[in-house]
Every structure is written in C-alpha cells, then in structure tokens.
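Reviewing the structure listed below.
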Amino acid sequence: MITPKATPSGNVELAFDQKRPAETAQKIERSPLAVRGLTVSYGQKPAVFSVDATFEPEAMTAIIGPNGAGKSTLLKASLGVIPRLSGDVTVFGQPIELAREKIAYVPQRASVDWDFPTTVIDVVLMGLYRSVGLLGRIKGVHRARALDCLERVGMADFSSRQIGQLSGGQQQRVFLARALAQEAELYLLDEPFAGVDAATERAIINVLKGLKERRKAVVAVHHDLATVQAYFDHVFLINVRKIAEGPVADAFTADSLHATYGGRLATAHIDQLNIADSGV
Amino acid sequence: MMGSEFVMFSLTPLLIGIFASIACALPGNFLVLRRQALIGDAISHVVLPGIVVAFLFTGVVSAVPMLLGAAGAAVVAVVLIEAVKRLGRIEPGAAMGVVFTSLFAGGVLLLEQTDTSTVHLDVEHALMGNLESLIWFKAKGWHSLLDPAALASIPDELWRMAAVCVLMILLTAVFWRPLKISTFDEGFAQALGLPINAISFGLVIAAAIAAVAAFDAVGSIIVIAMFICPPAAARLMTNRLEVQVLWSVAFATLSAILGYVFAGYGPLWFGSANAVSAAGMIAAVSGVILGLACLFGPHRSRIGAGRDAAA
C-alpha cells in the first residue's frame, strides 16, 4: 500500500519489492500486463499517481474505484492511448510496443460516434487489421472469422446493420466481438457493463468466462460492487494511488473498500456486500 | 463551330473545376466525420499570407514560389492550431478560428501595406480564383487533344490539378483502412499501434495540398465548399463509408459541371449579358445539392435506440 515517490522508471522495480526482487521479476515476466511507477496527469493534478500493477494471467480482474479515481486512465495510459508522465508497461515481460498484438482493447462505448457510416461486420473486421494489413484484401476466411465472433456474442443476425441502429447493449457486444476477432492473450475492457441490458450483461460475462477457460486474461474497469464476487477472481482497487491488489477473497474487503471510496461508500453498503458474500 | 469553341474556352476550366472539386472532396469525407471540416476553411484562408510573402520575396507572380509559400503557410497554420489547442486547452474549432482569422488578416494587411496591390493579387482573386481565364488558346477542336504542339499550350493549372487529384485518390486508397479505423475509434486505433497522430497530421497535410493547388486555380470559395458540401451530402445518401466516398466524388463532379454551365449560360437565360463567377456558382451548386440531400436523402435522419442510450 505504500507507494514509492515518483522515481525514475529504472529504479521503480527495485523500489516496488526490495525483499523479493527475483519473485517480482518472475511475476512480471508471466503477467499479461504489468505496470511500474505509472503517473498520469491531466493539467495540474495527477489522475493516476505512481501506480504499480501486475495483472494475473488466466484470470479475470476487476479494476474498481470511485468516479475520477483513474480506472480508465490506468487502462488508457498503459496502452499509450493517453500519454504517461512516467511508468514502464510490459506485456509478458516485453515492452508493450513490441507486444501490441497480444492485447485487445474495448474502449468505452460512449467514446465513439455511433452515427459513423459503417456496418456491424465492418466494425468487427477492424479487429482483423493486423492480419489483413494495410492493403491486403478481405477474404472469405476473414468474413467467416468476423461472423464467428459475432455469433459468440449473439449478434450474427445483425451483421449488415448500420451501427447507429443498434441498442446500447448491442453496440457493446459488437465492440466485444471486434476484440474477439483480435485473438489476443489479454482483453482490456473499459466499463463493458455500463448502461447495458441484463441479457447483454449475461452474454458478455459468459464470453469473458469462456476466454478465461481458454487461458486468456481479462481485465475490466467495473462499477457494480455487487457483482464483483460473482464475476471476477481478482480485484485491483485504485483511487489515484493503488489501494489493494489481489484475489477477491483477500483484497475485496471492507477495509480496502473504505480506503478506496472513503466516505462516499456508506458502511451499510459494504456490510451488504459482505452479507452477499457469506450468502453465496 | 461549337465543338472547337467548347474545347478552347470551356474544356480546361471545366476539367480543372472537376479535378479541384474531387481533390478537395476526398479528404473532406474524413475531415467532416472527424468534425474537422473547418480545417479546409482555415487552410484556404492562411494560404493568402503565404502567397503574399512568397511574392514579396521573389517579386514575381509565378506559380511555383507561390505554391511553396502557400504550402508553408498551411503547415505553419496547422502547427499553430495544434499549439493553441494544447496550450490553451480549448476545442479544435476555436483554435482554428483564432489562427485562420489572424493569419488571413495578416495576409490582407501585408497585401495593403506593400505595393503588391499593383499586381493581380487581390482579395477577390483569392476568393474566386479565375477559372474562366484558363483558356486553351491553341485548341482548334477536339482533334487538338492529339496535337502535341497544341497540348503544350494547355494551362499548367490543368496538369497540376490533375496530378493533385490523382494523388488524393491514391492516398485515400492506400491509407483507407488506417483512416477509417482511426476516424471511427481513435482509442482502438492507438491500441492497435496505428500512428494516429501521423495519420491525422497526414490527413490535414493532404487537405492542405489539395487546398493550395485548388486555390491557385480556382480560389478559396471552391475549396471551402468542396471540403464540406459533397461529403456532407454524400453522408445522407448512404450508411457505408465506401459508398459515401463514391457519392461525394459524384456530387463534386456534378457541382463542377452544373456550376460551370450555370455560370456561363445561366445569366443569359435571364436576359443578362454577363456571365457570373464559375467558382462561386460551383460552390453554390454544391450547397444546393447538400440542401436537396438534407430534404430527400434516404439516410438523413438519425434514428436508432443506440443514440438515446449513448446520450
């Protein structure tokens, strides 16, 4: 919980865990996404300050924290979508720039203009950019792959629809299908359940659990504390700084939630969660 | 004879108008979708100080230094817009507005304060160009198209504009996928590793090349109109970007042809002896096409539950 002061990125790894540097290095080597000393700032105040994160392979991790805590920023800055002031990001021990094909990113649904003139299958085909290339022709095999991804999220019947004609939940599923088309090792999702209907939420969680069974890693920014225990096996709690990181049973505790949300989360609410926990 | 007159007086201006319109409409598709359509306006304005400065340095009205000056000014403007946007933390439209009005004002000031007013370099020319004066003097009819001596006297503007038009078509075709992906979803494009800053800078530079070349031949009114009207009208005709781009080329061509014809012959139909500016009329026609597309285009309404949910 004690984060090092902003250190030059080279020293951060040592500062992180001086007792067992070898073990830490090994964890980073195995991690689909490891971040060291990440600091991001919009203007004067830091949005994310000196955060270390080592996401688990073959697991589903929820990034949790209050609004403005830097959850999305952590994802975006790791991917280089927004610039980082400092921090090293590695994917299975490699610098992220060399391992982009191992990551599929699902941005927030509201971050794009759904009036864009394109169809559902076209959006999914964007996920195949790396295999099609700049000038390569889109062949039947690519279309079949895209359709298969749409099938997995239950959207195959909508493949030739204009994307603006979809409901919010359907749009989210198309975004997920585009990520599936990338056949990545790590799936990073920014609020995949925000504003979707119950059927979509079930469909998405089933797909994500299927990914875990195929030994892929899933990291999602998540808002609904009530479903954390049911959906995820690891949590990462953040409020500008890292609060806690670990298996749900260890890290998703009343103490860490208090530390993350402060007064914004009533004690009663946390109690309810714990009751739900023991009930399951 | 009708044919030879047409070839001599109308063929080159018409072709130049068509090439200029297409060259601007192609990048315009992406600028409109990126909500950056104003950049065409900005570039066509900042071209003026660039041309004046080029004239002050060289002392002659000659195409190459002026094109260089205009291109330089366009790059300065793009960099300034980026700087104002980042340092001032304001939205791009405002940054463009500040930069292009100041630079255009600077250009007018330069024009008035120096003795450039004696040469053919004035605000009206900057706005409307002089499409009608681009006559193919040595043409004697369609057969002149096969006559090397006659071909040599075709106005240079035609070759330049044709080359720029071909360049725009090539750039659009080659960078189609990165352009489409990064225009739709910048965050996703960046996560894929696409160089989105280079793509958006490249798009603006391509637009600047089209604008500067078109400005030289036909003035800035066409540039401003063609960046916006054909793509916006095309968007209302289809829900697929591929088809939209084809519609925009069709609308650009139609505007150029109808605009040229109306400018030359329209006033006669109303009993007036003088023709009106072809460039102005081409821009006006493109506006009318946009208006018609707004009224009758098949995809003019924004429907779908997704919009409500996303709002």
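Every residue gets a Cβ built from N, Cα and C, even glycine.
As annotated by TrEMBL, transmembrane segment applies to B:6-26, B:38-57, B:63-81, B:93-111, B:158-176, B:188-211, B:217-238, B:245-263, B:275-297.
Per-stretch counts of Cβ pairs under 8 Å to the transmembrane segment (B:245-263) identify B:275-297 as the leading one among B:63-81, B:93-111, B:188-211, B:275-297. Note on the transmembrane segment (B:63-81): residues 39, 42-43, 46-55, 57, 92, 95-96, 99-100, 103, 156-157, 160, 201, 204-205, 208-209, 211-213, 215-216 of its chain, located 6 or more positions outside it, place their CB under 8 angstroms from a CB of the stretch.
Of the recorded ranges B:93-111, B:188-211, B:217-238, the transmembrane segment (B:158-176) has the largest number of C-beta contacts under 8 angstroms with B:188-211. Among residues of the same chain six or more beyond the transmembrane segment (B:93-111), those with a C-beta under 8 A of the stretch's C-beta atoms are 35, 38-39, 41-43, 45-46, 48-53, 56, 73, 76-77, 80-82, 84-85, 117, 121-123.
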